[in-house]
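**Student:** Following this message is one structure expressed as structure tokens.
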Amino acid sequence: MSHRHHAALVASASGRSPSWGSAISQSFRQVEAEDPFRRAQSMRGHDEEEEDLRWAALEKLPTYDRMRRGVVRSALLRDGDDDHKDDDDAGTGKAVELVDIGRLATGDAARALVERLLQDDSERFLRRLRDRIDMVGIELPKIEIRYEELSVQADAFVASRALPTLSNSAINFLQGLIGQFGSSNKKTINILKQVNGILKSSRMTLLLGPPSSGKSTLMRALTGKLDKNLKVFGNITYCGHKFSEFYPERTSAYVSQYDLHNAEMTVRETLDFSRWCLGIGSRYDMLTEISRRERNAGIKPDPEIDAFMKATAMQGQETNIITDLILKVLGLDICADTIVGDEMIRGISGGQMKRVTTGEMLTGPARALLMDEISTGLDSSSTFHIVKFIRHLVHIMNETVMISLLQPPPETYNLFDDIVLLSEGYIVYHGPRENILEFFEASGFRCPQRKAVADFLQEVTSKKDQQQYWFLDKEPYCYVSVPEFAERFKSFYIGQQMMKEQHIPFEKSKIHPAALTTMKNALSNWESLKAVLCREKLLMKRNSFLYIFKVTQLIILAFLSMTVFLRTKMPHGQFSDGTKFLGALTFNLITVMFNGLSELNLTVKKLPVFYKHRDFLFFPPWTFGVANILIKVPVSLVEATVWVVITYYVMGFAPAAGRFFRQFLAFFVTHLMAMALFRFLGAILQTMVIAISFGMLVLLIVFVFGGFVIRKNDIRPWWIWCYWASPMMYSQNAISINEFLASRWAIPNNDTTIDAKTVGEAILKSKGLFTGEWGFWLSIGALVGFIILFNTLYILALTYLSPIRSANALVIDEHNETELYTETRNEEHRSRTSTTTSSIPTSANGEGNRPTQSQFVLPFQPLSLCFNHLNYYVDMPSEMKQQGLMESRLQLLSDISGAFRPGLLTALVGVSGAGKTTLMDVLAGRKTSGTIEGSITLSGYSKKQETFARISGYCEQADIHSPNVTVYESILYSAWLRLPSDVDSNTRKMFVEEVMALVELDVLCNAMVGLPGVSGLSTEQRKRLTIAVELVANPSIIFMDEPTSGLDARAAAIVMRTVRNTVNTGRTVVCTIHQPSIDIFESFDELLLLKRGGRVIYAGELGDHSHKLVEYFETILGVPSITEGYNPATWMLEVSSTLEEARMNVDFAEIYANSLLYRKNQELIEELSIPPPGYRDLLFATKYSQSFYIQCVANLWKQYKSYWKNPSYNSLRYLTTFLYGLFFGTVFWQKGTKLDSQQDLYNLLGATYAAIFFIGATNCMSVQPVVSIERAVYYRESAAGMYSPLSYAFAQASVEFIYNIIQGILYTVIIYAMIGYDWKASKFFYFLFFIVSSFNYFTFFGMMLVACTPSALLANILITFALPLWNLFAGFLIFRKAIPIWWRWYYWANPVSWTIYGVIASQFGGNGGSISVPGGSHVAMSQILEDNVGVRHDFLGYVILAHFGFMAAFVLIFGYSIKFLNFQKR
């Protein structure tokens, strides 16, 4: 309606006399009343005319411009609000515009278009796309993947040699070197065994198989992403072409089961970057051809589809509408602008991160998708909708897809066309889904009615599970092995048909030109560099705190150094003044260099994501290297500027402006060189422990030969090449020449022993430095050369080096027929055991031969847990306050009541965000923040957390365990500290063995635990270990958080059978569960169902076949009845969803609160809140089960076991110690036997300083990752009340002390003999004591920083602040007596200064000889040490006491920090 007509109507309605216009309006309204559709039809006609005009204008444009213009509704260019209106409204009165597609590709317009395209469903949208393509006769590319006789093998150590002990690691290393020239002792493991198959286009294949069957290996092999250390046999072809003829990495997309992303990027930014790098494929060419044919045929396409296709065909955009489409389809639009996060940065949930991993590959143009375990952490509804979209993509767009799923529910399973069943490396079945049950029935096995087919398929090949599915009553059951199944499939008609198809070669003439990708990267080199540079800028912005912290740290150090080397205390002009100026220059140089040390950490941190992107051909590796180099140039500029501007004039350096800018130039190129060096070291060393150990060794070499510690003339001939190869030497020359060739040092030289005209030249010559101005520019040129060299080597390392992978290991137990195979994080974890799973008893009574309480060695007291009107609040998050929420608190649990009883297994279920884990944490007392309201009682008495921790167990979802111990050692350790002190050792071990048998870990008792996803146990085995560790405490109540999350159906069955066995012993067990299968769900006795917001909507028994739950919901008006055979858990969550509540206009929480069931539950709570007759409240005489002494012994036992099996830390410790010792011994070879001059003494002083400081700093930094991993374990064990924090600190310090003693002896023997110190027993043992003590306090200091900070990264940054201060006040760069009086206290507070004092005093303080000094005279050595260095021999007793004091102080701070500082926020 026009504005005039509308105004007339308003005027009429307001009572004014009707005008001529209002009369016409009234007449028009009467006509409308007679024909209500006329107006809408008229307006639609107007829109169509306008659209035709716009389209005609578009058709007149050149092809290039036409591909970048589209006809769209104006509303889409505003805010998209109208998309939420009815279709009739959306189609009337809306103008259309001819717009630049670039406006439509991003922002609200893109989201509005995606909303409109997907308003019905994804299938309709894809069909609209396909209809346009078919209308002009365009054929879509198709890909067929064939694999014939495919075998994959790996080499691994076997038996006891597979355990990573220090002795084994040394033997394996030596034999590995020998094996390069001879035979290897590794055993060949067959991962895939001559498998055959065809993946066809327009068919979606489900890959099923138990853990270690080879699923990931098969997918990686088919996509060309197998580790190069694996041996591959057989043929893999795409449309008849071998891998050498195209790039499989880009033709197909592999979605890994591991989630590797930049934690600081948002979900949208992550997908945008992958889409940008993966490119558009053939979309632009196809769209151009479609547009040409439409134009020739006079066809006008659907404007919205045309606009969408043009937007997706735009190459090189930073963001694109494809990202919005994938976000919407995967349900990530609600968290699109949330950072991904990691274990230290709070971000999206695990399920959302899994979808990000999937979406990352879906944004690309690949037409073959192989997706590995994409459902981990997702509920069945999300999995179903994602797989359904992929099914539409396959069937409508002719894509080729294989998906591996864990526990696929029946509705998801039925979406697939084909099934591949893989077991023990054999293909048991590969063919249509409809025929797989027929194949197994032909072999005598039938799937029960209420059994999910996918669960049946994963259990029927298991020796332990197979018999229950045998249905031929007239024939005796006989185990059918996996190889037998594989042979039977070959003779089955489906297998015969597939073999025939494989024998017919693929007709290469039929292949679509765009099917296979022959270009290595989607983008040009410039576009790739631009994309990576934009991402690195973004990451740098997100890490701005780190760079601000570094600059702040530099400013603080600058002010500290200014006050030490204050110009008023820095006289110049005399030869003796040069030492202090050289010390100041050297400290400045070290600070600027070491401030770039964080680049090592940042480089190592980026590598996992880089390797993924490199291997997936996102970009050429050199672009990543160049981007990181360029982005850090401003950092070097800022840090060099800050340091020089603050320090130069205050320290009293040469005042000329030219000298100022030359020093700035020297520090700037030095910082660039240091950053390049650290980047290069990070790229080749790859892990933090190795990077720190060998990186510090490289820095030591660079520093020692830097021109200050030892003069060039005093360097041994075999090391002189290192002097010329040390970048720091050129930096030292540049800054020294710049200072000492200034006019104020041009005073005539009076020292006849040095051939130099001026004092400045004499100082330079005395240190072996260049003496001409040419030396400055030569040094700058050399540093630029090093910058180019290190950056080039960095790029080459990125391009050609593969990630460091953990050693392959295989443990074989001939008696138990168990194999455990561990490989790398990027390669599939494989572990095979002949005793796997059996079905969970569906009876709530748990029929079968289960252990009962009477069968256990140790009795326990059954307890019930009641909670009434429970509420939980947290402070309102700042993000939510910014969105306008004014409340101060956010309620996560709302009026929850319930009871958990002995012998009953209770399921705690709800959608994501319902508060399942929150409720469990509140009940278990694990919350560290928030406010709890309501009552919690334990068998009638109020719950006290101190005693409750002793009688309860909590199985966390994360499965946190010490990685370097065996399964048996983990469980025994838990039993040792958690069982009562009156339980003797033999009884304790018997109980441990009973528990291991209960959870079916007895066959894995000697297996290493390892790190999740990296080494050791599989996910399912770790779950059982978590249960065993808690069960061995003999608890009455056990909480389990998501015990089946991330497991396949068979592994979940093992875990749930373990849980069921635990309940049958009479314990109270509560599990949170995430979308369980029918088998798992009906193994529970009771259910507590929560809705979003932490409100109860059902609490009560499940009943046989869940009939009580079903009856309750079916009595609610509007709830649809459950379909026969449908999973009650899935049905329950579907009918109680928020959408269903809105549809029925009900609140299920209110319905429950007003129900008879609620009143019965309240009566039960009241009944259980009264203590039973004769029952007393729990009371323990001591806080912990064991005495402090036993706690220390047990903790030390575990740490000893852990350290012995941690060669990556301890073997590396001793190897680097040997190399450090060898280096110092050869550099300062027999220097201790020749002490004729003051310079000789100073050279030895420099050797002592460097020998102590650098290896100590290495210890300090390398211990931090180890302690950080163990701290996470400590938080779990401490929450369980296992031991005192001080006993843990004692054990951690003690085991380090032991290893440090060995390290100190090794180091002392090497350098003491090679440097040539005096072989007197007293001097040797003094030296040994100070070296061992320094190793200890450095190590304890590193441990202390970890305990005081929330992350190892922050602790590492603090080290880069502390170590320069220790270095400055160590007594070498500036002697004690030269330190200003206001800073001399820090000399005594610095442990390194005490060690250097002790070594110098013990070795040389008591010597009676004299040495020559500048000027030619001779002075007693003890006199020089006292007057110049400030060292006295008679002070040694105090020095020894100081070392004990520093060690004790750091250990105590570590212990009390562990006790009082809890950085785990729950």
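We number each residue from 1, going along the chain as drawn.
Placement of Cβ uses the backbone N, Cα and C atoms for every residue, glycine included.
According to Swiss-Prot:
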REGION    1-21  region 'Disordered'
DOMAIN    176-449  domain 'ABC transporter 1'
DOMAIN    527-740  domain 'ABC transmembrane type-2 1'
TRANSMEM  581-601  transmembrane segment
TRANSMEM  633-653  transmembrane segment
TRANSMEM  664-684  transmembrane segment
TRANSMEM  690-710  transmembrane segment
TRANSMEM  776-796  transmembrane segment
REGION    821-851  region 'Disordered'
COMPBIAS  821-831  compositional bias 'Basic and acidic residues'
COMPBIAS  833-843  compositional bias 'Low complexity'
DOMAIN    865-1117  domain 'ABC transporter 2'
BINDING   Gly910, Val911, Ser912, Gly913, Ala914, Gly915, Lys916, Thr917  ATP 2 binding site
DOMAIN    1190-1404  domain 'ABC transmembrane type-2 2'
TRANSMEM  1209-1229  transmembrane segment
TRANSMEM  1241-1261  transmembrane segment
TRANSMEM  1297-1317  transmembrane segment
TRANSMEM  1327-1347  transmembrane segment
TRANSMEM  1355-1375  transmembrane segment
TRANSMEM  1396-1416  transmembrane segment
TRANSMEM  1435-1455  transmembrane segment
**Student:** For the domain 'ABC transporter 1' (176-449), what is the mean per-residue pLDDT, to the nearest integer?
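**Tutor:** Result for the domain 'ABC transporter 1' (176-449): average pLDDT 87.
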**Student:** Among the binding-site residues Ser912, Thr917, which residue has the fewest other Cβ atoms within 10 Å of its own Cβ?
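**Tutor:** Candidates: the binding-site residues Ser912, Thr917. Fewest Cβ atoms within 10 Å: Ser912.
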**Student:** Under DSSP, is Lys916 (ATP 2 binding site) helix, strand or coil?
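**Tutor:** Its secondary structure by DSSP: helix.
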**Student:** In sequence order, which residues at least six apart in the same chain have a CB under 8 Å from the CB of Gly915 (ATP 2 binding site)?
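**Tutor:** Sequence-distant Cβ neighbours: Tyr872, Leu892, Leu893, Leu1090, Gly1093, Gly1094.
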**Student:** List the same-chain residues at least 6 positions away in sequence whose Cβ sits under 8 Å from the Cβ of Lys916 (ATP 2 binding site), in sequence order, or say none.
**Tutor:** Leu908, Val909, Gly910, Asp1041, Thr1072, Leu1090
**Student:** Give the three-state DSSP assignment (helix, strand or coil) for Val911 (ATP 2 binding site).
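**Tutor:** For Val911 (ATP 2 binding site) - judged by DSSP and reduced to three states - the answer is coil.
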**Student:** Highest CB neighbour count within 10 A among the binding-site residues Val911, Ala914?
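**Tutor:** The most densely surrounded of these binding-site residues is Ala914.
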**Student:** Measure from the Cβ of Gly910 (ATP 2 binding site) and count the other Cβ atoms within 10 Å, all protein chains considered.
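**Tutor:** So the number of other Cβ atoms within 10 Å of Gly910 (ATP 2 binding site) is 26.
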**Student:** Flag the pair the transmembrane segment (690-710) / the transmembrane segment (1435-1455) as in contact if three or more Cβ pairs fall under 8 Å (sequence separation 6 or more).
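**Tutor:** Stretch pair does not touch.
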**Student:** Would you count the other CB atoms within 10 A of the CB of Gly913 (ATP 2 binding site), including those on all shown protein chains?
**Tutor:** 14
**Student:** Could you tell me what the rest of the chain brings near the transmembrane segment (1435-1455), counting residues at least six beyond its ends with Cβ under 8 Å?
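**Tutor:** Contacts with the transmembrane segment (1435-1455): 1285-1286, 1288-1290, 1292-1293, 1326, 1329-1330, 1333-1334, 1336-1337, 1340-1341, 1343-1344, 1347-1348, 1391, 1394-1395, 1397-1398, 1401-1402, 1405.
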**Student:** In the same chain, outside Gly910, Val911, Ser912, Gly913, Ala914, Gly915, Lys916, Thr917, whose C-beta lies within 8 angstroms of the Cβ mean position for the ATP 2 site?
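**Tutor:** Leaving out the recorded residues gives Thr918, Leu1090, Arg1092, Gly1094.
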**Student:** Go through the chain and flag residues at least 6 beyond the ends of the transmembrane segment (1355-1375) whose CB is under 8 A from any CB in it; none is fine as an answer.
**Tutor:** 546, 549-550, 553, 556-557, 560-561, 564-565, 580, 583-584, 586-587, 590-591, 594-595, 597-598, 601, 1245-1246, 1249, 1253, 1257, 1260-1261, 1264, 1268, 1341-1342, 1345-1346, 1348-1349, 1383, 1386-1387, 1390-1393, 1396-1397, 1428-1430
**Student:** Would the domain 'ABC transporter 2' (865-1117) and the domain 'ABC transmembrane type-2 1' (527-740) count as touching if the test is at least 3 Cβ pairs under 8 Å, pairs 6 or more apart?
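**Tutor:** Between the domain 'ABC transporter 2' (865-1117) and the domain 'ABC transmembrane type-2 1' (527-740), contact is absent.
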